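Notes to accompany the following structure.
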Amino acid sequence: MIVSMWYTRAEAPMRTGSFYCFNGFGSIIGGILFYGVGQADGWDVWRIIFVICGGLTIVWGIVLIFYLPNNIMTAKRFTVEEKALLIARSQSNKTGVFSSKIKPAQIKEAFKDLQVWLLFFYTLLNEIVNGGIANFGKLIVKGFTKDALLTTAYGIPYGAWVAFFIFTGPFCASKLKNFRTIVMMTWVLPTLIAVSLSLKLDRGNKNGLLMAYYISPSFVGALVVALQMPAANVAGYTKRVTSTAFVFLAYCVGNIIGPQAFLASEAPIYGTGCKGIMGCTAGQVVLAIAIRLLLIKRNKQRDAEAEASGKNAENLSDEVLMDLTDFENRKFRYSY
């Protein structure tokens, strides 16, 4: 929501990806930090980790309270003229402007929008994969060594791969027109390959299993693009907030479901979990195709309406300032 206020629809995926990249960098820095902390004798490593990470999070949260504006109008660093230019720039998104008024009609419309439901289930499947790989991947690495600290060290390159996938997916979505759903389809495929290798490779093939582990987080690049879709393709502030929250609910539920498929009785192969991840990954491809076809169809219908009425779809007039939804504003065009 914040990114969509400050950046255009074309810029938003790459900006969002840049932020999410720090998940990967955090894994790299955290791996090094935790390995170092683990060398200390007489310390509970897990306590130190919680104090460091929790403390830094609290401090940074306080910084954001004072320095991160809620919207363009409350940003103190800009003049009135600069704020007007920023608002005019954000209007090119055609998704409406900030509104503190809750509109029940827009909430209802959000739950009637097929696009929102498709994104919900796409994110749900994506995070079932995440919940599984977050646990299964560590189990693979633990099979290489009994040393918990060395297991942490193996995770450092994993963080670099996470950053790579998170950056490249949104980058392509920003730079290539209507490439978002293509990223949502293709960036999950290395995950499918990785899990297939993990299922079929002999447990003694450490190099192959480790490489499978490192390419398994490719799906996160697709996730970042999917999470940004409501901000780009849902107009009307209340509808956009509702849609974003609903899709994020799927994110949370998926992470709860994912680990349940990995049964201790199936160690070290975890066949049920691997097959579940493969099924969820294939399902994401199908849903991404469905989203793409739906949005193309909607755009074509609106183009036909505009041609029949002689109205220019690019002429925004006052629709943006009226906080219309994407259903109400027939000049709105979807990015796919």
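Placed from the backbone N, Cα and C atoms, the Cβ positions cover glycine too.
These features come from TrEMBL:
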type	residues	note
TRANSMEM	20-39	transmembrane segment
TRANSMEM	45-68	transmembrane segment
TRANSMEM	116-136	transmembrane segment
TRANSMEM	148-167	transmembrane segment
TRANSMEM	179-199	transmembrane segment
TRANSMEM	211-232	transmembrane segment
TRANSMEM	244-264	transmembrane segment
TRANSMEM	276-295	transmembrane segment
Given the transmembrane segment (45-68), its same-chain partners at Cβ distance under 8 Å and 6+ residues beyond its ends are 2, 30, 33-34, 37-38
Considering only Cβ pairs within less than 8 angstroms, which of the stretches 148-167, 211-232, 244-264, 276-295 has the most against the transmembrane segment (179-199)?
211-232
Should anything in the same chain at least six residues away from the transmembrane segment (276-295) have a Cβ under 8 Å from its Cβ atoms, list it; otherwise answer none.
114-115, 118-119, 121-122, 125-126, 128-129, 132-133, 136, 181-182, 184-185, 188-189, 191-192, 195-196, 199, 219, 222, 229, 233, 261, 334-336
